Amino acid sequence: MTISGGGDFPASLLLVGAGRMGSALLQGWLKLGLDPGGVHVLDPAPSPELQAFCTTVGVKLGVPATPPEVLVLAIKPQTLASAAPALVSLAAPTTLVISILAGKTLKTLADHLPSAGAFVRAMPNLPAAIGAGITGAVADPAVTPEQKRKADALLAAGGRVEWLGDEDLIDAVTAVSGSGPAYVFYLAECLAEAGIVEGLPPAVAERLARATIEGAGALLAALPEVAAAKLRADVTSPGGTTEAALAELKGGDALPKLIARAVAAARKRAQQLSG
Ligand SMILES: NC(=O)C1=CN([C@@H]2O[C@H](COP(=O)(O)OP(=O)(O)OC[C@H]3O[C@@H](n4cnc5c(N)ncnc54)[C@H](O)[C@@H]3O)[C@@H](O)[C@H]2O)C=CC1
Ligand SMILES: O=C(O)[C@@H]1CCC=N1
C-alpha cells in the first residue's frame, strides 16, 4: 500500500472533460499549488460555473498550442471513441495521459491515443472534491519515475492514492471506492426513509441520517487504527437496540450478500465498458 502526498506538479496540463469529477480534481490541484497559467480545460459544454471559475483563477478554456506534459482524461467512458481523434495531436510522445475512465484499459487507451508516450489508469472517487477521496492507480511500463511522481502529486491532491501492480484490480477498485460513495449516500437516503416510517418528521429524519453517516465517517477517519468491526461492537450493547437491528441486517447474511452482489455488478459493468 502506498499513501502518497506532496506536490510535484507538471508545468502544463490539459484536462479533457470538466464535469463532476474533472472539476473536482481541477479544484484540488489549483488549491494545492498547480500553476493555473499552465492549465487548459477542454470541454464542449462547460457549465457557467466552470467558465466563471476558469476566468477567475486564470485557467484557459480550449486547446493548448502545444501538447501538454500531462493530459487528464475525465470524459465518460462511452465517449472515448468519438473524442479520441481530436486528442491525438495533443498527446505527444512526451505526454503522460492519466485516465479516470471507468473500465477503459491501458490497452484500449493506447489504441485510441497511439501518439501518447505513457499512460496511467486511475480510479478516484467524488470525495476528492474536498481532498477526502481515495484513488487506485496503475502505471504502464513506459511511465518514467518522474512521470509517476507527477501523476501521484495530481492524484494525491484528491486524497490518498493506492498504486497497484496489477491492472486487473482497477475494476474492483472502481466497484468498491469509485462507486462506493453512492452506496453510502443511498444508505443515508434509506435511513432517513426508515426514520420517516417510524414517525419522525422528514426534515428531522434527514438531518439525523446525514449526521449519523457524517459522524460515523469522521470516527473512522479519526481512529484509523481501530477496525470498523470494533467500532460497530462499541455501539452494540448486548441485548440492546443495535443488536436487534443488526440481527435483521446480518440475518441469512442479508447485507453482506447484498453488498457483494452490488460490488460484483459494478465490477462486471466496468469490464463491459473496457473496449
Ligand atoms: N462521478 C464520479 O464519482 C466518478 C467518475 N469517474 C469517471 O470520471 C469520468 C467523468 O465522469 P463524471 O465527471 O461523473 O461525468 P460528467 O458527465 O459530469 O462529465 C463529463 C464531462 O465531459 C465533457 N465532454 C463530453 N465530451 C467531451 C469531449 N469530446 N471532449 C471533452 N469533454 C467532453 C462533458 O461536457 C462533461 O462536462 C467518467 O469516465 C467516470 O467513469 C471516476 C470516478 C468517480
Ligand atoms: O458510475 C460510474 O460509472 C462512475 C465510475 C465510478 C463512479 N462513477
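In case you wondered, yes, glycine gets a Cβ from its N, Cα and C as well.
Those TrEMBL annotations? Automatic predictions, nothing curated.
What you are looking at is a predicted structure, and each value in this text was computed from that prediction instead of being measured.
Pulled from TrEMBL:
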type: DOMAIN; residues: 15-103; note: domain 'Pyrroline-5-carboxylate reductase catalytic N-terminal'
type: BINDING; residues: ALA74, ILE75, LYS76, PRO77; note: NADP(+) binding site
type: DOMAIN; residues: 167-273; note: domain 'Pyrroline-5-carboxylate reductase dimerisation'
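Feature annotations (TrEMBL) mapped to structure.
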residue	record	contacts (Cβ under 8 Å, 6+ apart)
ALA74	NADP(+) binding site	LEU15, VAL16, GLY17, ALA18, GLY19, MET21, GLY22, LEU25, ILE100, LEU101
ILE75	NADP(+) binding site	VAL16, GLY17, GLY19, ALA83, LEU101
LYS76	NADP(+) binding site	GLY17, LEU101
PRO77	NADP(+) binding site	LEU101, ALA102, GLY103, LYS104, LEU273
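Residue counts for the domain 'Pyrroline-5-carboxylate reductase dimerisation' (167-273) under DSSP, helix first, then strand, then coil, are 91 helix, 0 strand, 16 coil. Residue counts for the domain 'Pyrroline-5-carboxylate reductase catalytic N-terminal' (15-103) by DSSP state, with H, G and I taken as helix and E and B as strand, are 39 helix, 16 strand, 34 coil. Other residues of the same chain near the NADP(+) site, with their Cβ within 8 Å of the Cβ centroid of ALA74, ILE75, LYS76, PRO77, are GLY17, GLY19, LEU73, GLN78, THR79, LEU80, ALA83, ILE100, LEU101.
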